[in-house]
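Accompanying notes for the structure given below.
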Amino acid sequence: MRLFIMKLGGSAISDKSRPLSYREDWVRNLGNLLATSIKAGDKFVLIHGGGSFAHPMALAYGLSRYRDYDQLTGVSFTSAILHYLSMKLTITLASMGLPIYPLRTGSVYVINDGKPQLLIEPIHIMELLERGVIPMLYGDVVLSDEGFSIISGDDIMLDLGLRLRPTASIFLTDVPGILDANGNVIKELTRTSIISERFTRHIDVTGGLIKKIQSAVELAKYTRTYLCAIWDLGSINRILNNEEPINCTRFLPY
Ligand SMILES: Nc1ncnc2c1ncn2[C@@H]1O[C@H](COP(=O)(O)OP(=O)(O)OP(=O)(O)O)[C@@H](O)[C@H]1O
Ligand SMILES: [Mg+2]
């Protein structure tokens, strides 16, 4: 069985500069590619990000650090908006014939000591795959030893990658790879090159990107790991066919 874990980043499924903007066209185009691959016998676990649905809400309630009771309605609203985005994706993809099986992340993960902890046995996910559905999780607000914390879709990629050992893992965003200071795609990224990339203009403006790269490099110890644009169907198709993509960044574990 060929298993792929794919993260539909918030930047891939929404325009992060416009609240509640859903990129249905890009999602549908990817859905077509997934449908072809599934017909050929491939299996997928999908994870999606919060994009312009969840980030503004989480920010408004300061949910990156849980302190007091007043934030609990923020937990509700953020959970609701993520659930809503997950339902939008489920409906788009299922109406194209893709049997998505959405799992609410907050019901199956907690965070302990800053690390995601899966509450269900990984065999449960394997059983869903055997039944022919496509399990889909997402970055979410989850119970943690500090109260509540946000588990990012990138963290889930790493955790499920370790447990399920897929053929390849693909992070999808709205850009064709990790970009250097000149805007060119870095074809291969290792731990050493992270340090040299750290101070580039692009990475400075998004603190989150360094963490994404660290998760991806760690994940690369266990599975072929790439970051591509959701719209670069040619490159994604090559990865699914065990070829190197034309664009995209490949992460290397050394
Ligand atoms: N040097 C860079 N290389 C690649 N992307 C960069 C770089 N600097 C900034 N970015 C931005 O980082 C974004 C991807 O990271 P971000 O965390 O915002 O998205 P995501 O993970 O898809 O969303 P979410 O966190 O909602 O799932 C891209 O939209 C891109 O514009
Ligand atoms: Mg992100």
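Glycine too: its Cβ is placed from the backbone N, Cα and C atoms.
Automatic prediction, not curation, is the source of TrEMBL annotations.
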Among Gly41, Gly51, Gly139, TrEMBL assigns to the ATP site of Lys7, Leu8, Gly9, Gly10, Ser11, Asp174, Gly208, Lys212 just Gly51
Starting from the substrate binding annotation in TrEMBL that includes Gly50, His55, which of Gly132, Gly147, Gly153, Gly161 is the extra site residue? Gly153
With an 8 Å cut-off on Cβ distance to the Gly50, His55, Gly153 Cβ center, who else from the chain surrounds the substrate site? Gly10, Gly49, Gly51, Phe53, Ala54, Ala58, Leu82, Tyr138, Gly139, Ser152
Could you state the whole-number distance in Å separating the C-alpha atoms of Asp174 (ATP binding site) and Gly153 (substrate binding site)? 15
Just to verify a number: CA distance, Gly153 (substrate binding site) to Lys16 (site 'Transition state stabilizer'), in angstrom, no decimals. 15
Based on Cα coordinates, which of the following binding-site residues are within 10 Å of Lys16 (site 'Transition state stabilizer'): Lys7, His55, Lys212? His55
Listed binding-site residues with Cβ under 6 Å from ligand 1, out of Lys7, Gly50, Asp174: Gly50, Asp174
Local Cβ density at Lys7 (ATP binding site) - other Cβ atoms counted within 10 Å: 29
